[in-house]
């Protein structure tokens, strides 16, 4: 193996880990050669009401697409996260919660969480929620967010969690698409010392003329902030659960019945509702949580992701709770009120496993390691990275400053669509290289292909595809199965196309190189460029807009917008700021352009197609080798854009 920047597994970790390298190779080989036998055995890790006898019916043929796992079994996801632990671990702490203000803290045992979920599940039923109904959840990072999700799962309702940073328009589009009957929110959330007006955002979203399905809005009293009230529609969480029974029978769900919807950005502009089902997802979320983080019973596990993203679903709620872990949930951001907050929380709660994003690591790096002078960190055993590729400098800083050079780092690659981690080191099995996601998890068959779909062997670079299904895979785009087939299975026939590019080195390790479609990754969160462009051109003074990602020291990728104004409109810094606020209002703060360059024209082919590769290079300040411009209708546009670019290094 290439020794360049290689961090070898320590003997102590390998000796005590769930799997060492030899075991990984043996298990991986079995999972590929005999997937039915492998998953028949590992599917038993969760509790089934009616045990499965049929394991796998899958095909990536775009004319005959089929993704079915454990498909004759029945189960309940809520029971797997709660009821199964009550006999032996009712008093174990399930959730440790720390508020935005560190003085606010709560601990909830598995027994208490079970009671809260049962009461709220009965409350949902009292509001007319039935099996198969879609419930929109727009909540702060409080334990009640997990309670709401698990209560939906308990009664067979399908939850659709919307990130608390999204705007009313973004909420409305998701409510309309899912035809939600009930919305669950809070008066306000707290983040970084600021109150977030969640209820007000919901009120504004539900004023959209196309929102016609919502009958009830359940409101958690988090801050006591003033809220407007719609009589007959709005109801307080606490008034519902006060009288609700503590006993709630579980709904028996088929393995392929929907568990949740989660909307993710697409390259076409409209967010797509990723649909995950119950059986395969629960098997995969719990198995990856245990093996990737080498989880040991009773350990304290902290995933810093928001519940509104897939990481919060799989590795803050379903995976860890299915495994009986103690989960730390933090309402705020781990560098507020100072960069020392992350270390203080690790020490205060004796965290054993930390799962966070490169964006946070880079932000802490920029502040300096002096903020960790008082940090002990002796409880920490495993550290993970998620959301985007981590650059080697940030990896090393994370390893040295947070991990004190004794914690393995699992740099995980996966997607909303995959349900769980696909490419990752395993702590006791994988020597790591900073910046590499390394090797596939059990049952995962990655490959690299050229643009014609030919599989590339050996050390090479190409489009990252997957050759066969795994249990956690999404099943469809809600209400638009054709879009599912078109997006993931038409580009390369018989393969799942991830939308990412990757490099494979001489040791077979994978290095993710970033999106190859029109999606950008901002602070580990995916945004469709078409979504941002649509918001910009909806402003009356914007004639045309093109949006690309560019390298950003903190966020990984920033948002760079080229904007052509309507004839006669004057360019100004005031208008630039107005457009930034406009996008913020239309989509949310996450989508706010970092840089807006005025463009008298955009590079287009004679057929009118915008040549984004030129725009990406100019935004990245890579202007010396732009490549062939002969297909452009007006090559002079390029020179003008280069001269007026904003991201100069000089």
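Positions of Cβ are set from backbone N, Cα and C atoms, glycine also.
Positions annotated as CoA binding site by Swiss-Prot: 191, 192, 193, 194, 311, 335, 523, 584. Taking Cβ-Cβ distances under 8 Å and a sequence gap of 6 or more within the same chain, the neighbours of residue 191 (CoA binding site) are 100, 140, 141, 164, 331, 332, 333. According to DSSP, residue 191 (CoA binding site) is assigned to a strand segment.
For 387, 388, 389, 411, 412, 413, 414, 415, 416, 500, 515, 526, the entry in Swiss-Prot reads ATP binding site, with the evidence type sequence analysis. Reduced to three states, the DSSP call for residue 389 (ATP binding site) is coil. Cβ-based neighbour count (10 Å, all protein chains) for residue 389 (ATP binding site) stands at 22.
Swiss-Prot lists 537, 539, 542 with the feature Mg(2+) binding site, giving sequence analysis as the kind of evidence. If you take the C-beta of residue 542 (Mg(2+) binding site) and look for same-chain residues 6 or more apart in sequence within under 8 angstroms, you find 536, 563, 564, 565, 566, 579.
Under the heading N6-acetyllysine, Swiss-Prot lists 609.
Neighbour counts of Cβ atoms within 10 Å were compared for the binding-site residues 192, 193, 387, and the top value is held by 387. Within the same chain, residues at least six positions away from residue 539 (Mg(2+) binding site) with a Cβ under 8 Å of its Cβ are 578, 579, 582. Of all the binding-site residues listed (194, 515, 584), 515 sits in the most crowded Cβ setting, with the most other Cβ atoms within 10 Å.
According to DSSP, residue 584 (CoA binding site) is assigned to a helical segment. Spacing of residue 523 (CoA binding site) relative to residue 414 (ATP binding site) is 15 Å (Cα to Cα, whole number).
Local packing around the binding-site residues 414, 416, 537 was summarised as the count of other Cβ atoms within 10 Å of each Cβ; on this measure the leading residue is 414.
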